[in-house]
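Undergrad: Per Swiss-Prot, the feature NAD(+) binding site maps to GLY7, ALA8, THR9, GLY10, ARG11, THR12, GLY84, THR85, THR86, ALA108, SER109, ASN110, PHE111; the stated evidence is sequence analysis. What Swiss-Prot lists as active site, proton donor/acceptor is HIS140, and the listing cites sequence analysis. The (S)-2,3,4,5-tetrahydrodipicolinate binding site annotation in Swiss-Prot covers HIS141, GLY150, THR151 and rests on sequence analysis. Among the features that Swiss-Prot reports, active site, proton donor is placed at LYS144, with the record citing sequence analysis.
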Amino acid sequence: MNVVVVGATGRTGSEIVAEASERGHDVSGVARSQTSVGDVRVYPTEEFPELLDNADAVIDFTVPEATREHVQAAAAAGVPYVIGTTGFDDDGMAALRTASESTAVLKASNFARGVQALLRVVEAGVEALPEYDIELTETHHNGKRDAPSGTANTILDVVDETRDEALDRTHGREGEHRRGDDEVGVHVRRAGTVRGEHELLLAGNDEVLSLTHRAESRRVFAAGAVDAAEWLADRSAGWYDFEDTV
């Protein structure tokens, strides 16, 4: 399979290049300027449309502005597109949805298999303990731009869907006020080189249930992204998420 990795020189992008190469795929990279990642050639952004001529799938872990531009080109060429970029506004998400009308687009906030399991456990826990207070803490490296993380927002969406109501999301706390009954606390930490950690706390009278996922390496995200690309390559135009591949 011919795979184009957009953001090939980034933290996760370079891991995706390595993972896809080790699986025997033909890999080309895209970045701001021409370079290489190991034995894989990385082309400047302006050459991306030409790479689509022979591509079976694109994997993109960059920033919303770049992803939006590249997915439009891929849609025009009919090349399936895997998106790990987070932090899109409503207009950005609408653009991705529009692209999915012309090609297969798979977007996920997290490509770790363990996170998919966590989401199912979160649903079960929230359903079983409907009166418990809920707090979410997420930690990432000091270079991560969006907060809360895309994974944190996905977890919170699962909580809302399971509770069948939109809880008030309180981002951090200060001052003096009582915790609301329909409130979920959201706490963000950015420090060092932490790959990603998410903890959902369900607290009742005299007991606490803590649900945690911790990524030990970015390779887990890379493996999931390549899994997604392999699965997506033969799909028809439409909108998909990582859960569809499980």
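Each Cβ is built from the backbone N, Cα and C atoms, and glycine gets one as well.
For each listed feature, how buried is it and what is near it?
TA: In sequence order, GLY29, ALA31, THR35, VAL37, VAL42 are the residues of the chain that are 6 or more apart from THR9 (NAD(+) binding site) and have a CB within less than 8 Å of its CB.
In the three-state DSSP scheme, HIS140 (active site, proton donor/acceptor) is classed as strand. A 10 Å cutoff on Cβ-Cβ distances gives HIS140 (active site, proton donor/acceptor) a total of 25 other Cβ atoms nearby, all chains included.
Its Cβ taken as reference, GLY150 ((S)-2,3,4,5-tetrahydrodipicolinate binding site) is surrounded by 18 other Cβ atoms within 10 Å in the chains shown.
Residue density at LYS144 (active site, proton donor): 17 other Cβ atoms are found within 10 A of its Cβ, drawing on all protein chains shown.
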Undergrad: Using the Cβ center of HIS141, GLY150, THR151 as the (S)-2,3,4,5-tetrahydrodipicolinate site position, which other residues in that chain lie within 8 Å, going by their Cβ?
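TA: After dropping the recorded site residues, what remains is THR86, SER109, ASN110, GLU138, HIS140, LYS144, ASP146, SER149, ALA152, GLY196.
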Undergrad: Rank aside, I only need the closest one: which of the binding-site residues GLY84, THR86, SER109, PHE111, THR151 has its C-alpha nearest to that of LYS144 (active site, proton donor)?
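TA: Out of the listed candidates, the nearest Cα belongs to THR86.
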Undergrad: Sequence order is fine: just name those binding-site residues in THR86, SER109, PHE111 with a Cα within 10 angstroms of GLY150 ((S)-2,3,4,5-tetrahydrodipicolinate binding site).
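TA: Matched binding-site residues: THR86, SER109, sequence order.
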Undergrad: Round to the nearest Å and give the CA-to-CA distance linking GLY7 (NAD(+) binding site) with HIS141 ((S)-2,3,4,5-tetrahydrodipicolinate binding site).
TA: 18
Undergrad: Please identify, from the binding-site residues SER109, THR151, the residue with the sparsest Cβ neighbourhood, meaning fewest other Cβ atoms within 10 angstroms.
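TA: Sparsest of the binding-site residues SER109, THR151 by Cβ contacts within 10 Å: SER109.
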